[in-house]
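Let me begin by presenting the structure, written as structure tokens, before commenting on it.
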Amino acid sequence: MKYVTPDLCDAYPQLVSVVEPMFQNFGAKSSFGGEIVTVKCFEDNSVVKQQVDQPGHGKVMVVDGGGSKRAALLGDMLAEKAAANGWEGIIIYGCIRDVDVIRQTDLGVQALGTHPMKTDKRGIGDLNADITFGGVTFKPGHYVYADNNGVIVSPEPLSMPQEQ
């Protein structure tokens, strides 16, 4: 489904919280949304790697990488695995790499930027805890919507308004 965040903001002003503008769109899906699954990790993408192996239909992984720009939390292999397992998208408060392949992958991907270095794999990270960045708290089970206009969060699923 295609989401237009300005239209969602207009239709549901009391429900949505808008994330501060900071993300770039990298995936082949420029618009995506779904139920939030959270990962909190810092320069270690072990939990991200575990999660992309899980079924992700109707879900968006939101990764709090602490805003680090010293290593990439997502690369082409993990992005392709996430797409194959049905994830709608991944939003990373951190960096990604392999952007030329990710741009061709059927997945929504937003991140702060790119970095060619991979992370260490120390097995450190938290799954499905509340995380906060960009002035918004992301709660597992709530919903996130993203497009080229920005990222918004809602405690319940939103439908695109009908054109008048």
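Note that Cβ sites are derived from N, Cα and C of the backbone, with glycine treated the same way.
Predicted, not measured: the structure shown is a model, and the values here were computed from it.
The substrate binding site feature in Swiss-Prot is assigned to G75, D76, M77, L78, R97; the stated evidence is similarity to another entry. According to Swiss-Prot, the feature divalent metal cation binding site maps to D98.
Taking each of the binding-site residues D76, D98 in turn and counting other Cβ atoms within 10 Å of its Cβ gives the largest count for D98. For the substrate site, the Cβ centre of G75, D76, M77, L78, R97 serves as reference, and the other residues of the chain with Cβ at most 8 Å from it are A72, L74, A79, E80, I96, D98, V101, I102. Cα-Cα distance from G75 (substrate binding site) to D98 (divalent metal cation binding site): 5 Å (rounded to the nearest whole number). The sparsest Cβ neighbourhood within 10 Å, among the listed binding-site residues (G75, M77, L78, R97), is found at M77. Cα of D76 (substrate binding site) to Cα of D98 (divalent metal cation binding site): a span of 5 Å. Cα spacing between L78 (substrate binding site) and the residue listed as 'divalent metal cation binding site': 10 Å, rounded to the nearest whole number.
You'll find the Cα of D98 (divalent metal cation binding site) roughly 9 Å from the Cα of M77 (substrate binding site). Largest Cα to Cα distance within the recorded substrate binders G75, D76, M77, L78, R97: about 11 Å as a whole number.
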